[in-house]
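Beneath this line is the structure, given in structure tokens, with notes to follow.
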């Protein structure tokens, strides 16, 4: 790849980061996360609960803290200094709110420690942060002390959740009643807690993290040397006995190897090597990584893989096992090219199993590590693919939106903090030269959230009286003291290419057909049925979701809403172009009687409100008025495709062959986005289709807007001042 192209891509990474970060600061801060479709902050308790996903939100400006060291890496020193001042003045850690110990540790504690590491590095440089007096470290210790009560168990494994203000005090604080935790949740503590101990000189944090790791090691299945996915924190019994390298276990293995790198304790390397040998014996079937049962490791536990395992090739690079890393990465790359993003889960024949993609960075992480290990420009091309797909499919006027369904290209109103903390770090590093970086990254280890901890911590004083359950002796046979030299591994430049070729063709041949139905494609997704449907009517085949894409100014196709299909009317999956047109609100809005504004509805896509009559009746009325399509919007305030199962509109029990236009269903939240756009811009054109069309990557000129306080602000500014697409 020519240097000028690498430079262009590096600048594009920075521009994309600016788009995401500035929109968070403008529209969401001090909230934890940005909701990029509705251009506002996500505040826990004010939005419908998303279950465990919300456990990361603690009303502590999560995204800003998670982004601190990314700002420095991207040479945004002034913004970093401003961000640190904001954190110190605005963020509170004593909120009466229950959070995930795991997420708070890797994102907030890790973010504060990464920020502290960067602040110290800049201060020592003599130009920036001269005022800094370890304030982020003091906050980190405060947070560490708030997490410690979770470790007050007989096993030493932490409770999965803790109340930031009241600790673990039972039901009155909505904590202390859980019995189970995931292996990664208990085993992904050591880097942050050990760093906190060594930065502060207080050994208590490292001691608790080591105790948890010791317990997990003792509870491994001794014959297979594998660990399960979920464990009882009191008894140590395995609750889920399936074992893999993806969700629920992933970062436990990562932290064993990285704890050795950061702390220099040989015991961690021994444990990792024993686990790794079992992973390669039972779980790794290159290029696949399939879960097995810990007691019967030759028996597969499932026929699909989850996207979190995409970190594993990067870990294999650190281990020095390059060949299987190349093979698994290539499989992931081909799945990415097939679906634009890695689906949350995909089958062994590379079809979609769970269709979401929350902008996870693990594939970019492995791409960076493989490029560092091999110098193969192939991985620069993979990075360019990631960038292009983010800009084409995930970029919206107010940031980047997670993909609700990679099959349709529809969006979710979500931009997780890890997108800023990790994705842009790894992509910038992929395209950067040494002179582009403000410091040498080889002096740091990346946590699982890509926070930077200095390797000099291995030399920091720590207590030699750290309690431990260690019983095993070190066995030299479990040590690979050096990583293989990649130049010796690949004397022939074509060798990595030869590893990739059969995998590319395997994915191509086994993935030509789309999912037959949403049930086959997405495990656990249930379709709601219209309550008024006749109980005796046989259900038709359940249909995949559809897409409503806003294609007019200022959206230009960059906002895609998940829509429920109808069991009647035009089948959009059989239309190569979909149906496009301007939207208009039907009168009456219910669509249950003859349309009175037929002159406006004719040739348009009619907006209708759910309720008062059957869906087929609404469709017939707008069709008679000359509409080319219809969108029914849920009247249940607060309903959202984020939290509710997909809705499939049924007929009315009699023949619907007379209905020839397409009718789609939007939940209230997605419908409000469309109605707000219509209110703002009057002429709003949408495309109804089975899958969103290409949104392009053209950079549009930015509209410069005056501050909101000034009168006469141009209406276009509300959207277009952050529309530098």
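Quick reminder: no glycine exception, Cβ is built from N, Cα and C everywhere.
All TrEMBL annotations are machine predictions without curation.
If you check TrEMBL, you get these features:
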type	residues	note
ACT_SITE	103	active site, proton donor
ACT_SITE	250	active site
ACT_SITE	344	active site, proton donor
ACT_SITE	362	active site
BINDING	448	Ca(2+) binding site
DOMAIN	581-673	domain 'PA'
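On the structure: features taken from TrEMBL.
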{"residue": "103", "record": "active site, proton donor", "Cβ contacts under 8 Å, 6 or more apart": "55, 56"}
{"residue": "250", "record": "active site", "Cβ contacts under 8 Å, 6 or more apart": "184, 308, 309, 311, 312, 448"}
{"residue": "344", "record": "active site, proton donor", "Cβ contacts under 8 Å, 6 or more apart": "306, 307, 353, 354, 355, 356, 357, 358"}
{"residue": "362", "record": "active site", "Cβ contacts under 8 Å, 6 or more apart": "307, 308, 309, 310, 311, 314"}
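With DSSP classes pooled into helix, strand and coil, the tally for the domain 'PA' (581-673) is 20 helix, 22 strand, 51 coil.
Confidence for the domain 'PA' (581-673), expressed as mean pLDDT, is 92.
Of all the Cβ atoms in the protein chains shown, 25 others lie within 10 Å of the Cβ of residue 448 (Ca(2+) binding site).
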